[in-house]
Amino acid sequence: MEKNHTTLTRDSTLDIAKGLAVIFMVYVHTLIALGSLALQEESWFGEIIGFLGGVPAAPVFMFMLGVGVHLSTHSTPQALAKRGMTLFFGAYLFNFFRAVVPELIKYLLWEDYPFSLIEIGYYYLLFVDILQFAGLAFLFFALTKQIGIKVRGYLLLLVLFLGINSWLLQQHFPYRFWINPFYALWFGIDESSYFPFFTWIFYPILGYLFSVLAKKRPQKRSLYLWLGFITSAVIALYFLGVWQWDLPTGYASDVAYYHHAFPVQILYGAFIGWWLALIFLVTQIVKSRWIFLSNTSKMTNLIYIIHFLLLGLLGIFLQEITQGWLIFLLATSIFIASYLLAKRWLTRKRKNSFDKNLTRHYNKR
């Protein structure tokens, strides 16, 4: 019984963290896509949404990617490579529908549209978002599993990638039309690179290592208490460094966040651990199955796709909204619509799969 209980707690903690990350993602993307710059940067509403849509969102997603790679029974090198390739090339196809198509409509409808057709095709098709990164991350794990890298190897790669990322961000590469989109996949060369590999691979590797540790510590209460104490100390010491030596936090600007380097990764990694410990503590106090957040976490990919398609459509007609309450209502509506559409799609998919299996069974008879 104890084993089942701790396994359930582990799963619910991770599901809740991922479910919250999905919600924060929708709200921050709505603010960025539809809100004015003043609302984003100069209001308490923008500050709160910006924070929640920062470390508790994308880094948590990537951390969970690493956890999933270690825990999944389907994480063979072949399966990971296939998923990575699908995500990587699918990301550019998704860029076309979520960004290029809406911008082409704006080009046709707006008299003062600021970009040319070439600029639309170049930037909005080739920018690097989280799907491209996820594809590269899965390919990375496919390679490491094929080679047979163990925990020490991942620790060495973690340090190596931190160094490579810091070095690349200090270099000055001349702009080249055709090569910049390739550079953008690996490091933050310009604003078209939201999730470059060497900046963000830290979090999937960290998630993988956490999962290895969690499997070796069956008592989840002691694991999360230990994690909470350690990460609280790291965060406290880091903010002492922010106060005394002006250490970066990655929240100074969008570029500072997306293209952060060491030691910001230490702060964000510690926050993820602290966040998980806090969620575990809450689940121990508030006895609930947390079904809604668990379902949300399981529909992450669908909600991601649907909410961006909805934002692309709304962005044709709505821009520079200055009221926080209106952004909040729009984000809530977009999330609810995305959740319901994703749930309906999954229900129909399961029904169709059941019908096919039933038909196949009777045909065999």
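Just so you know, the numbers here start at 1 and follow the chain as drawn.
Using the three backbone atoms N, Cα and C, a Cβ is placed for every residue, glycine included.
Predicted automatically and left uncurated, TrEMBL annotations should be read as such.
Quick look at what TrEMBL lists:
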type     : residues : note
DOMAIN   : 14-341   : domain 'Acyltransferase 3'
TRANSMEM : 20-39    : transmembrane segment
TRANSMEM : 51-72    : transmembrane segment
TRANSMEM : 84-101   : transmembrane segment
TRANSMEM : 121-142  : transmembrane segment
TRANSMEM : 154-173  : transmembrane segment
TRANSMEM : 193-211  : transmembrane segment
TRANSMEM : 223-245  : transmembrane segment
TRANSMEM : 265-287  : transmembrane segment
TRANSMEM : 299-318  : transmembrane segment
TRANSMEM : 324-342  : transmembrane segment
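Per-residue pLDDT, averaged across the domain 'Acyltransferase 3' (14-341), gives 93. Residues 13, 213-214, 217, 263, 266-267, 270-271, 273-274, 276-278, 280-281 of the same chain, all 6+ positions outside the transmembrane segment (223-245), place their C-beta atoms under 8 angstroms from a C-beta of that stretch. Distant neighbours of the transmembrane segment (20-39): 45-46, 49-50, 52-54, 56-58, 60-61, 64, 279, 293, 296-297, 299-300, 303-304, 307-308, 311, 314-315, 318-324, 327-328, 330-331, 334-335, 338; these residues of the same chain sit at least 6 beyond its ends, with a Cβ under 8 Å from one of its Cβ atoms.
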